[in-house]
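Annotated features, as they stand in Swiss-Prot:
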| type | residues | note |
| --- | --- | --- |
| TRANSMEM | 4-24 | transmembrane segment |
| TRANSMEM | 30-50 | transmembrane segment |
| TRANSMEM | 61-81 | transmembrane segment |
Amino acid sequence: MVSLSHYLVLGALLFAIGVVGIFLNRKNVIILLMSIELMLLAVNMNFVAFSHFLQDTAGQIFVFFILTVAAAEAAIGLAILVALFRNLRTINVDDLDELKG
């Protein structure tokens, strides 16, 4: 049987992979967005694990709201990224400082 600690360890590992992805690759915006989404999904998995362990559906309902916001965030982020790529022909974070006023 899979216990709560197994889910929490897996969530912590996924969160750590997301943090490492942010710190190791600060050049590519797509990798940054994917790392942030991985961290958010790790937190969601912990919400669902605690919700199941405590026999409460509030955590699972909260996850649906978080996933909705995350989907909107990803869509807006990718739309901004496409617009920047069309103008600058690059998605490097270092090259995006041209946007400063």
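Don't overthink the numbers, they just go from 1 along the chain as shown.
The backbone N, Cα and C atoms fix where each Cβ goes, glycine too.
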Counting only residues 6 or more past its boundaries, what in the same chain has a CB within less than 8 Å of a CB in the transmembrane segment (61-81)?
29-30, 33, 37, 40-41, 43-44, 47-48, 51, 91
Residues from the same chain, set at least six apart from the ends of the transmembrane segment (4-24), whose C-beta lies under 8 A from its own:
31-32, 34-39, 41-43, 45-46, 48-50, 53
